[in-house]
Amino acid sequence: MTENINAGIPLGKQVGHSETYDPSHLFPVARREARKSLGLADDLPFSGPDIWNAYELSWLDSKGKPCVALGEITFPCTSENIIESKSLKLYLNSFNLTRFTSTARVKEIIREDLSRVAGAEVEVKILTPEEFTEVTISAPEGSCIDDLELEEEINAYRPTANYLSTGPEETEEELYTNLLRTNCPVTGQPDWATVIINYRGKAIDQRGLLRYIISFRQHEGFHENCVERIFMDILNRCAPARLTVYARFTRRGGLDINPYRTTHAEHFVNLRLARQ
């Protein structure tokens, strides 16, 4: 992130809260800035969404009675911008003392505002309390690599793609780890995630993959940028025929962000994990 971009970001700063609906809180961050460092242009080698879950969504009905809901917001990775997370929190909080005629109206306003700022069509789903039972805790289906013994001591925590390698045998498998930690590029605060990697191709060395994910522990980057870096490093180093990288980050400020990147047709599930 360049300094001039960080200058306008509300994250880590004292920012006033609006008592009523205020879309001016929304702050865009251009995707192209981080993608330049990965050598990515407009012709992306992946597709997929960023799935945001909003757990603190509330507004007033036409008589002033509070309503609560869960929100699911899906941004395409082809959007011009991501939305800075604190700005989205402030935006959603501005609904708290604003009256709306219906849940459908709230959904439409959020969809219109986020689509405008992101620069692409955004999907919004709102779950009312009667639908909360639809949200259940799940787990990845693949093999967890967290208990593998690493042969060498870890002394540095910076992304190192050279840890990634493959063997001669072909396989199709899903691997996951709960050990990803990255850091906010603005505040330096840690972000935690489970990373699910599904691929077909030459078998990825699992110890090397685990060491690679651990190497992000002091890396600074937004969630979306970190996942795209992981995706591109695996794609470039291991050359799978098919690859999907899906990260489920823990929530902050009532929001969690879950980037999904794939080389093939999108078929994703909003897979809520225990730490979320």
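Any Cβ shown, glycine's included, is placed from N, Cα and C.
Quick caveat, the model's predicted, so the values are computed rather than measured.
Secondary structure from DSSP puts C184 (active site, thioimide intermediate) in coil. The active site, thioimide intermediate annotation in Swiss-Prot covers C184, and the record cites sequence analysis as its basis.
Under the heading active site, proton donor, Swiss-Prot lists D191. According to DSSP, D191 (active site, proton donor) sits within a strand segment. For D191 (active site, proton donor), the Cβ neighbour count at a 10 Å cut-off comes to 22, with all displayed protein chains included.
H223 (substrate binding site): 22 other CB atoms within 10 A of its CB, across all protein chains. Taken from Swiss-Prot, the feature substrate binding site covers I83, E84, S85, H223, E224.
The Cβ of G253 (NADPH binding site) has E56, S85, K86, K89 as same-chain neighbours under 8 Å, each 6 or more residues away in sequence. Annotation note: G253 (NADPH binding site) sits in a coil segment as assigned by DSSP. Taken from Swiss-Prot, the feature NADPH binding site covers S85, K86, R252, G253.
Highlighted in sequence order, V29, D50, I82, L88, F222, I257 have their Cβ within 8 Å of the centre of the Cβ atoms of I83, E84, S85, H223, E224, the residues recorded for substrate, and are not part of that set. Comparing the Cα of C184 (active site, thioimide intermediate) with the Cα of every entry in I83, E84, D191, E224, R252, these being the recorded positions, the smallest distance points to D191. The binding-site residues listed here (I83, E84, H223, E224, R252) include H223, R252 as those with a Cα within 10 A of the Cα of D191 (active site, proton donor).
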